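One structure below.
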Amino acid sequence: MKQYKITLLKGDGIGPEIVDEAVKVLNKTAEKRGFSVAYEEAELGGIAIDHTGVPLPEETIAKCKASDSVLLGAVGGPKWENQPGSNRPEAGLLGIRGALGLFANLRPAVIFEPLREASPLKPEIIGEAMDIMVVRELTGGIYFGERGRTKKNEASAAYDTELYTVPEVERIARVAFDLAMKRNKKLCNVDKANVLESSRLWRETVLKVAEEYPEVELNHLYVDNCAMQLVRNPKQFDVIVTSNIFGDILSDEASMISGSIGMLSSASLGEGKLGLYEPIHGSAPDIAGMGIANPLATILSVAMMLRYSLGEPAAADDIERAVGQVLKTARTPDIYTEGTRKVNCKEMGDLVCSAL
Ligand code: NAD
């Protein structure tokens, strides 16, 4: 029987509650699909600061590197707000992505049919369903480029630099093309090639990589147009690939279309199979320990892990189908609507397991 090794980084706040439910679902899926999972826990964020003084202990990096994949809850909270910037829980998050060489961030924006009313967009714009995957470059561009303070015409000034190398663009483009091949073979490249030289290099490189994927239909949009098209006609998109800063903004916009933060999963991938999977929401200190957190974003992150790191797409489909089914009748308080049953975090995990 195939066995996968998963490192759990439960983190802070609601992190442990939601990861526990996701583990329950993963175990149930494994049983059904005939594989097994061995878990190793490691500390990240505030809990790691409490126990070791730093948000990302070396031992955590070693455990993550030795596993097939990593599942993260969330980090942070008021208790650690007075830590210096480099020692805050969130620094552990950036640190672990860097240490594992994760350069591609995958953010699906999916609307489950029963949650259509939660979207701020009109039903006729959303149509039957929406399923967009935003692929954001994570370790290059303006967030990491040269920056500084200077003077211009005697006035105080500041600058940041957008810089991409061809290999950096090639590798993120390949991630996006590979994903498009697994989905509907449609890829939209987003840049600002009408103005920025870095975007012109980006687009040239994407076009070169496209030659390796003749089956994928590629189109290009300027980022301003893409921001508009996402709310005008989101159905036109399947996979979107873009730079770090554009991806930061567009992935938030795309995810808002789906309406609820407790539903949104994400993946960070590198060169190999190992990936880091996590909900996009934070540690929700306001509801931590109350048992009412929505575990579905973490459960859907497990589905992504099965699909993109473990090569178990049928198990991923099972989980997504089960979540869609459960949402018809049961909701955690954050997505509750009248006519459905209000359930807590643990009950939601149990219901997804039963629907599997
Ligand atoms: P948050 O996402 O934790 O919470 C925002 C709001 O959404 C809160 O009202 C919260 O109760 C609600 N919410 C979030 N997830 C939910 C869930 N699964 N179920 C039900 N409700 C949910 O954002 P915040 O309040 O700005 O940040 C809290 C802490 O989390 C901060 O320390 C922040 O730095 C950290 N943070 C961590 C991550 C991460 O670990 N990836 C991401 C964002 C924020």
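Each residue's number is its place along the chain shown, starting with 1.
In case you wondered, yes, glycine gets a Cβ from its N, Cα and C as well.
Annotated features, as they stand in TrEMBL:
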type: BINDING; residues: 77-90, 282-294; note: NAD(+) binding site
type: BINDING; residues: R97, R107, R136, D224; note: substrate binding site
type: BINDING; residues: D224, D248, D252; note: Mg(2+) binding site
type: DOMAIN; residues: 5-352; note: domain 'Isopropylmalate dehydrogenase-like'
type: SITE; residues: Y143; note: site 'Important for catalysis'
type: SITE; residues: K192; note: site 'Important for catalysis'
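Known features from TrEMBL, placed on the structure.
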residue	record	Cβ neighbours (10 Å)
G77	NAD(+) binding site	22
E81	NAD(+) binding site	10
G85	NAD(+) binding site	7
R97	substrate binding site	17
R107	substrate binding site	23
R136	substrate binding site	27
D224	substrate binding site	13
D248	Mg(2+) binding site	19
A284	NAD(+) binding site	24
I292	NAD(+) binding site	19
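According to DSSP, R107 (substrate binding site) sits within a strand segment. For ligand 1, the recorded positions lying close by, meaning a CB under 6 A from one of its atoms, are G77, A284; the full candidate list was G77, E81, K192, D224, A284. Of all Cβ atoms in the shown protein chains, 18 besides its own fall within 10 Å of the Cβ of A288 (NAD(+) binding site).
Checking Cα-Cα distances from A288 (NAD(+) binding site) against the recorded positions (R107, R136, Y143, K192, D224, D252) with a 10 Å cut-off leaves nothing; none qualify. In this structure, the CA atom of I292 (NAD(+) binding site) is 29 Å away from the CA atom of R97 (substrate binding site). Among R97, R107, R136, D224, the residues given in the record as binding substrate, the maximal Cα to Cα distance rounds to 28 Å.
Ranking the recorded positions R107, R136, Y143 by Cα distance from A284 (NAD(+) binding site) puts R107 first.
Under the DSSP three-state reduction, A288 (NAD(+) binding site) is assigned to coil, being neither helix nor strand. There are 21 other Cβ atoms within 10 Å of the Cβ belonging to K192 (site 'Important for catalysis'). Across the residues of the domain 'Isopropylmalate dehydrogenase-like' (5-352), the predicted structure has a mean pLDDT of 95. Around P89 (NAD(+) binding site), taking its Cβ as the centre, 27 other Cβ atoms fall within 10 Å, counting all chains. When the recorded positions G77, P89, Y143, D252 are screened for a C-alpha within 10 angstroms of the C-alpha of R107 (substrate binding site), the residues that qualify, in sequence order, are D252.
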